[in-house]
Amino acid sequence: MSSLLPPHAQILVVGGGPAGSYCASILAREGFSVVVLEATTFPRYHIGESMLPSVRPFLKFSGADNKIASHGFCPKPGAAVKFQQHKREGYTDFSTLSSGNSPDNAAAWNVKRSEFDEILLRHAEELGAQVFENHRVINLIFADNNVSEGRPISAEFSCPNGELRSISFDYLVDASGRAGIMSTKYLKNRKFNNTLRNVASWGYWTGAKRYMPGSERDNAPFFEALTDGSGWAWFIPLHDSTVSVGIVTDQASSTARKALSARNGMHCSSKADYLAQLKLAPTVSGKFLCKATLQGENSPTCIRSASDFSYAADRYSGDHFRLIGDASAFIDPFFSSGVHLALLGALTAAASISASIRKTCSELRAAQFHDKKVAIAYTRFLLVVMGVYKQIRNQDLHILAEVDEDNFDRAFDILRPVIQGTADVGKTVSEDELQKTMDFCKDIFAPTDPQMHEAVGARLGPELCSPSVPIMTDSEIEDLTKDDNEAKLVLKEINARKAVHTMYGGPIHVAAESIDGLVLNLEVGNFGLKNVH
């Protein structure tokens with residue numbers, strides 16, 4: 001922790017989680033003055049242990065990847081997803097993105113967030129950010145007292161001794177997590193997704209069996225739909241030999257379940273409810289946990305729980321401020337997208353602030369760049385997750401009111417001709433198009449495996465199984481595969497991944513997509529935004 005808190009910061013970052021620490025790292029490396037105010041003292045507990053492969057290239061850009069790789073976190077070779085009990089699970093293989101299934105070479109990891117997050121925060125300090133823990137921001141002050149359209153200029157915060165102080169700043173980055181001080185207290189623009197109002201409960205187990213131990217899939221997380229269609233379970237191995245096991249169900253089902261227990265004169269504890277729901281994931285409970293022990297099972301706090309409501313906002317930036325991480329938006333954790341979205345938003349916030357300071361573009365254009373990048377990334381993952389829930393609940397999810405039309409256009413522009421069957425697509429997004437997009441995206445989790453991919457490639461030719469082949473329509477896949485159902489599954493999975501897997505490239509992918517004539521400039525020392533030539 002830094003020793004002396006200055007009265008003014010060029011850039012104030014509120015929150016030291018992955019979003020805040022990553023943004024602070026990049027800006028400090030560029031030579032800007034950065035102060036981070038973190039409400040808690042690290043290390044601190046946090047859920048969200050499963051990472052996407054994109055996290056590694058993001059961390060490589062900030063220089064933190066070797067610290068994470070050498071820490072000993074559990075390598076994540078892929079992920080298994082089981083939607084239906086009478087069908088095999090699907091498996092996403094990350095091996096092609098890594099140089100080996102060891103922590104140092106892994107494409108992704110399962111992490112303990114208390115350790116992962118602290119490494120990133122200390123890295124920000126090493127690069128020059130001034131970090132102050134146990135300093136909680138309480139209020140923001142705006143120029144001309146204009147909250148709705150004004151510019152935040154200072155923050156009031158509490159110190160460890162309880163003293164209230166203030167700090168002024170030129171730029172504000174709100175990385176305050178779900179509390180989201182800008183969005184909830186001042187902009188008042190947080191909008192919850194009515195379809196994804198879920199609750200989560202979880203605990204940690206010892207002595208659990210693993211998914212395919214001794215194989216190339218060893219340590220892969222396993223995700224399983226509950227048999228009653230109310231949600232899903234996660235099973236995530238960690239490097240301390242424990243396993244994180246959680247249940248996500250929709251709030252309505254959870255409330256009804258507890259009300260029924262109350263009417264029957266039964267008090268349903270968090271632990272009893274968790275164990276009862278776990279039985280609805282027979283592979284996780286019956287196969288992996290059959291001889292396992294719940295950590296602290298005699299403690300009333302052995303089961304943790306949290307609301308799992310997905311939300312977004314109508315904007316994530318403004319005059320000299322940016323919103324990132326959970327302070328900006330949050331989406332259901334099925335796709336393990338939390339840290340990915342945090343780092344992506346942190347990157348674009350840092351780039352837009354750098355561009356504004358260096359005057360390579362106006363503050364307005366810079367803010368809008370960040371705003372649209374966050375919205376596009378959120379929309380992509382939203383449609384993937386909604387496609388998953390459409391399968392889990394076995395029903396159409398009418399989400400037209402949940403999706404911003406402009407964000408959909410930007411996020412899925414390459415899919416619209418494929419989905420609608422013509423290059424001359426309409427400009428207005430329809431409910432039918434959203435349903436087809438969700439159906440397209442759900443094939444990301446088709447029940448295939450690497451051996452099936454290899455066999456289909458041998459039959460149809462490896463070029464058809466290449467991710468570089470243009471996205472195909474359903475009719476094109478039908479013509480190619482005929483009655484070969486295995487090939488149909490493989491091609492549909494590959495097809496769906498083309499719209500999502502480019503994001504695994506981290507900063508390079510973010511830099512490749514232009515917004516209103518601007519792209520990221522990833523050159524260290526000149527980091528920011530530049531015009532597309």
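Quick reminder: no glycine exception, Cβ is built from N, Cα and C everywhere.
Listed features, source Swiss-Prot:
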type    : residues                    : note
BINDING : Gly16, Ala19, Glu49, Val339 : FAD binding site
BINDING : Ser337, Gly338              : chloride binding site
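The structure, with features from Swiss-Prot marked on it.
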residue: Gly16; record: FAD binding site; DSSP class: coil
residue: Glu49; record: FAD binding site; DSSP class: coil
residue: Ser337; record: chloride binding site; DSSP class: coil
Seminar exercise, completed: Rounded Cα distance in angstrom between Gly338 (chloride binding site) and Gly16 (FAD binding site) is 15
Seminar exercise, completed: For the binding-site residues Gly16, Gly338, the largest set of other C-beta atoms within 10 Å encircles the C-beta of Gly16
For this session: Please give the greatest C-alpha separation between any two of the FAD-binding residues Gly16, Ala19, Glu49, Val339, in angstrom, as a whole number.
Result: 17
Exercise. Out of Ala19, Val339, which has the highest number of nearby Cβ atoms, where nearby means within 10 Å of its Cβ, if these are the binding-site residues?
Worked result: Ala19
For this session: Determine the Cβ neighbour count for Ser337 (chloride binding site): the number of other Cβ atoms within 10 Å of its Cβ.
Result: 26
Seminar exercise, completed: All chains considered, the count of other Cβ atoms within 10 Å of the Cβ of Glu49 (FAD binding site) is 27
Exercise. How big is the gap, in Å, between the Cα of Ser337 (chloride binding site) and that of Glu49 (FAD binding site), rounded to a whole number?
Worked result: 11
